[in-house]
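Peer 1: The structure under discussion is supplied below as structure tokens; questions concerning it will follow.
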Amino acid sequence: MKYPFQCFLAKIILLALASSFVSCYDPSPLQDYCVAVPEKNGVFVNGEFCKDPKLVTSDDFFASGLNIPGNTNKRLGSFVNPANIPGLNTLGVGIARIDFAPGGLIPPHIHPRASEIILVIKGKLLVGFVSSNDYNYTLFSKILYPGDVFVHPIGLVQFHANIGKTNAVAIGAVGSQNPGYISVGDAVFGSKPPIDPKILAKAFALDINIVRYLRKVFSPQDDIVND
């Protein structure tokens, strides 16, 4: 045992490095649960005030209504109905029902804080995501039928589209109580204030008049940047 201290120190350093590689997108809870309440008379955790644990009931961990179809009479022909469960606060998960009219879709978008898993309940969906430039922007896509499941990694562009002739229903579960949602089209062509059309025209190899048109589609209330 010539260098016992050095060996011990090396183990500590390796343990610290290994711990630094572990990622946690939602903070680990410091208690069994923190049921969110609107009143400001409790303990403040993860952006919400916690209900007194002595007053927590089973209903705080319950939600109904995911059996009710959403209104898909919209431009994109889809509707997302997230389950509103106060007890989800600090638990790092979320769930929603997604309804699609024939031809309806959830456009290319990003969840910056969570991976997502899709379970098809009814209909026929085309789903997919695109890898980063590290993997040459590869498209991973599948056609899903009832009972099929597909996973979307965190932070990558993804989409869901109903390619069937009937309505479709899916359940989406995410690994965060607040996964975030960034629509690619809205972010690029509907930002506030708007991105200069010259920049977008050059970036996407588009005629500047097409950029102006897309700006009106994604943000009809805003004026175009003077060029």
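Note: Cβ is positioned from N, Cα and C throughout, glycine not excepted.
Below, the features straight out of Swiss-Prot:
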type: SIGNAL; residues: 1-24; note: signal peptide
type: DISULFID; residues: Cys34-Cys50; note: disulfide bond
type: DOMAIN; residues: 64-212; note: domain 'Cupin type-1'
type: BINDING; residues: His109, His111, Glu116, His160; note: Mn(2+) binding site
type: CARBOHYD; residues: Asn136; note: N-linked glycosylation site
Peer 1: Out of the recorded positions His109, His111, Asn136, give me the one sitting nearest to Cys50 (disulfide bond) by CA distance.
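Peer 2: Closest by Cα distance to Cys50 (disulfide bond) among the recorded positions His109, His111, Asn136: His111.
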Peer 1: So how many other Cβ atoms are close to His111 (Mn(2+) binding site), meaning within 10 Å of its Cβ?
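Peer 2: Here the count is 23.
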Peer 1: As a test of the contact definition, list every same-chain residue at least 6 positions from His109 (Mn(2+) binding site) whose Cβ is closer than 8 Å to its Cβ.
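Peer 2: Expected: Val157, Gln158, Phe159, Tyr181, Ile182, Ser183, Val184.
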Peer 1: Kindly state the mean pLDDT of the domain 'Cupin type-1' (64-212) in the predicted structure.
Peer 2: 96
Peer 1: Cα-Cα separation of Cys34 (disulfide bond) and His111 (Mn(2+) binding site), in Å?
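Peer 2: So the Cα of His111 (Mn(2+) binding site) lies 24 Å away from that of Cys34 (disulfide bond).
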Peer 1: Looking only at Cβ atoms, how many others are within 10 Å of the one on Glu116 (Mn(2+) binding site)?
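Peer 2: Excluding its own Cβ, the number within 10 Å is 22.
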Peer 1: Which secondary structure state does DSSP assign to His160 (Mn(2+) binding site), in the simple three-class scheme?
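Peer 2: For His160 (Mn(2+) binding site) - judged by DSSP and reduced to three states - the answer is strand.
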